[in-house]
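*Asks:* Structure in structure tokens, see below.
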Amino acid sequence: MEPAPSAGAELQPPLFANASDAYPSACPSAGANASGPPGARSASSLALAIAITALYSAVCAVGLLGNVLVMFGIVRYTKMKTATNIYIFNLALADALATSTLPFQSAKYLMETWPFGELLCKAVLSIDYYNMFTSIFTLTMMSVDRYIAVCHPVKALDFRTPAKAKLINICIWVLASGVGVPIMVMAVTRPRDGAVVCMLQFPSPSWYWDTVTKICVFLFAFVVPILIITVCYGLMLLRLRSVRLLSGSKEKDRSLRRITRMVLVVVGAFVVCWAPIHIFVIVWTLVDIDRRDPLVVAALHLCIALGYANSSLNPVLYAFLDENFKRCFRQLCRKPCGRPDPSSFSRAREATARERVTACTPSDGPGGGAAA
């Protein structure tokens, strides 16, 4: 049964991070009190706005600082320029852009309007979609990269180079532009209930394109990539169980297994953080639920915040799971304004060289072309 378009149905909601922008009048917590005069605001709405602002502020601070440090460390230290770290740079760039939009969204929640104009509306919404697609595409390529390193070590010598990783990153952004650019075009600001709303305006019939967009994003930004990642790690698990020594060197094997484990943890964190909002939006779209229910509204905002939290979680995971990132973070914090001291970094690296071979100490020379 086709849903009947309501008044103003040509103005449809964005899909994920700004989903609440579409519901300023439908969701009591996101806009004016539905039962009160214009401009009235319930205590629960104000409390939710304050909680969202506090959470977004923390995520923004940790996410921006952490991801900038990750990118700076990879750019600054030659030994960090491995194929895996080039993908991590791409992920950090997408996460940094996403967290940079949080101050604007916090202001929107507090002010109950979008005061920043249509240009920033287009930028914020398109960045959300760029982050969603570039993140999952990059994680998928990282999983394929680990599969090649573990299961096809000879082919890895040619495929797993920083130059090819950079080219793949560019292709990922071009591919994500297939979604990001249309979102930028469709993003508009419109007056509604005495406020300004930043939202997507789909072509007619709007309800149809809105539903198709949500389902396609769910499939191609979540289900299909997760299936590919699952297959890659399933094949890697079989390989790791059947072969005691993958590379002929115990140190290189430790490096392979450790970096593979790190990528798996990062992928797992992404799934945990993004699965709720993907599922919630599909349920919101296909199931008749009470969108004014305070619990439904709170669940929506919690799922959105969880997706953003993933952007600040990744740098923390790198610091805990990879000794080279940990050392680079320490080095950058010790000398934030000066040039890096190669000798101190070399000493720190050599101190653990007998115990581990990491992405910071590639086996094929300073270029790190096919390092783990």
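Placement of Cβ uses the backbone N, Cα and C atoms for every residue, glycine included.
As listed in Swiss-Prot for this protein:
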- ASN18: N-linked glycosylation site (CARBOHYD)
- ASN33: N-linked glycosylation site (CARBOHYD)
- 48-75: transmembrane segment (TRANSMEM)
- 76-85: topological domain 'Cytoplasmic' (TOPO_DOM)
- 86-110: transmembrane segment (TRANSMEM)
- CYS121-CYS198: disulfide bond (DISULFID)
- 123-144: transmembrane segment (TRANSMEM)
- 145-163: topological domain 'Cytoplasmic' (TOPO_DOM)
- 164-186: transmembrane segment (TRANSMEM)
- 207-238: transmembrane segment (TRANSMEM)
- 239-261: topological domain 'Cytoplasmic' (TOPO_DOM)
- 262-284: transmembrane segment (TRANSMEM)
- 300-321: transmembrane segment (TRANSMEM)
- 322-372: topological domain 'Cytoplasmic' (TOPO_DOM)
- CYS333: S-palmitoyl cysteine (LIPID)
- 340-372: region 'Disordered' (REGION)
- 347-357: compositional bias 'Basic and acidic residues' (COMPBIAS)
*Asks:* Using other CB atoms within 10 angstroms as the count, which residue among the recorded positions CYS121, CYS198, CYS333 scores least?
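*Replies:* Counting other Cβ atoms within 10 Å of each of the recorded positions CYS121, CYS198, CYS333 gives the minimum at CYS333.
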*Asks:* Taking all residues of the topological domain 'Cytoplasmic' (239-261) together, what is their mean pLDDT?
*Replies:* 70
*Asks:* Can you grab the distance from CYS121 (disulfide bond) over to CYS333 (S-palmitoyl cysteine)? Cα atoms, rounded to a whole Å.
*Replies:* 35
*Asks:* Cα-Cα separation of CYS198 (disulfide bond) and CYS333 (S-palmitoyl cysteine), in Å?
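*Replies:* Their Cα atoms are separated by 39 Å.
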